[in-house]
Amino acid sequence: METQLFPLLSIFFSIYLFAYFLVFRNWSPKIRPEASSCFISLFHGTPAVVLASRALLADDNLTFSSVNTDAQSLALDYSIAYFLTDLAHYIVFFPHDVLFIGHHLATLFVFITCRYLVAHGSLAILTLLILAEVTSACQNAWTLAGARRHDVEFAAKLYRLLSPPFYAFYSVVRGILGPLFVYNMVAYFVSGAADHVIPKWVWISWIIVVVSAISVSILWVWNLWVEFYRERRASSSLEKKVR
């Protein structure tokens with residue numbers, strides 16, 4: 001399949017500029033970039049899950065080492081275009097955010113090698129994409145609400161309403177489903193079943209990136225839970241003092 005990267009890249013850049021200069025034009029300059037990033041993520045997350053799911057379900061010969069179909073290549077191009085756009089966002093507005101820039105570079109390495117270098121193994125990469133993006137709609141709504149919770153009452157209420165279910169959903173996906181799938185992925189690659197089409201250094205690199213990303217995600221949501229219960233205890237103590 002011919003690459004669809006450049007048309008998709010122009011679409012994501014256009015969406016970002018539309019969000020920054022029109023949708024969030026009245027927002028504070030401090031949070032406009034983050035809001036615009038969330039906006040393009042809304043156009044990536046759920047559509048990427050649909051694209052990847054349909055591409056995988058339509059493949060009758062699907063294994064961890066099977067050749068990428070056209071639909072799977074399109075799904076990979078779609079996500080590559082998004083991550084390149086968001087990477088540009090971080091480089092321009094948050095050049096010192098080494099964690100997110102590193103995350104995006106590592107993710108792009110995995111997607112690009114799967115799509116353009118080995119052209120095999122999209123089962124692993126697209127399934128991980130589905131697990132990563134299935135929570136994105138909720139996460140983006142939570143992030144946008146959090147950005148305005150200090151100056152908009154509705155945003156504060158929405159943030160408090162979304163936090164527990166979002167944390168729980170994210171914890172199950174990243175803390176249980178993700179590691180279980182990675183275990184099966186590692187077992188397959190370690191067996192050598194894919195070595196004839198995916199060089200060992202490639203799949204080892206994928207595993208390093210994926211395990212690192214999942215570990216950081218688990219740490220992130222753990223800290224969110226800790227902060228959530230700390231705030232609840234503080235609020236409960238304050239209510240008792242008032243009584």
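Glycine too: its Cβ is placed from the backbone N, Cα and C atoms.
What TrEMBL records for 30-233 is domain 'TLC'. According to TrEMBL, the transmembrane segment annotation covers 6-24, 36-55, 75-93, 100-118, 124-145, 166-191, 203-226.
Counting C-beta pairs under 8 angstroms (sequence separation of 6 or more), the transmembrane segment (36-55) reaches the transmembrane segment (124-145) with 3 or more such pairs. For the domain 'TLC' (30-233), the model's average pLDDT works out to 94. Long-range contacts of the transmembrane segment (203-226) within the same chain, counting only residues at least 6 positions beyond its ends with a Cβ under 8 Å from a Cβ of the stretch, are 99, 103, 106-107, 109-110, 113-114, 121, 124-125, 128, 132, 163, 167, 170-171, 174-175, 178-179, 182, 185-186, 189, 194. Proximity of distant same-chain residues to the transmembrane segment (100-118), defined by a Cβ-Cβ separation under 8 Å and at least 6 residues beyond the stretch ends, is recorded for 3, 68, 73, 76-77, 79-80, 83-84, 86-87, 90-91, 94, 125, 197-199, 202, 205-206, 209-210, 212-213, 216.
Non-local neighbours of the transmembrane segment (166-191) in the same chain are 63-65, 124, 127-128, 131, 134-135, 138-139, 142, 198, 203-204, 207, 210-211, 214, 217-218, 221, 224-225, 228; each lies 6+ residues outside the stretch with a CB under 8 Å from one of its CB atoms.
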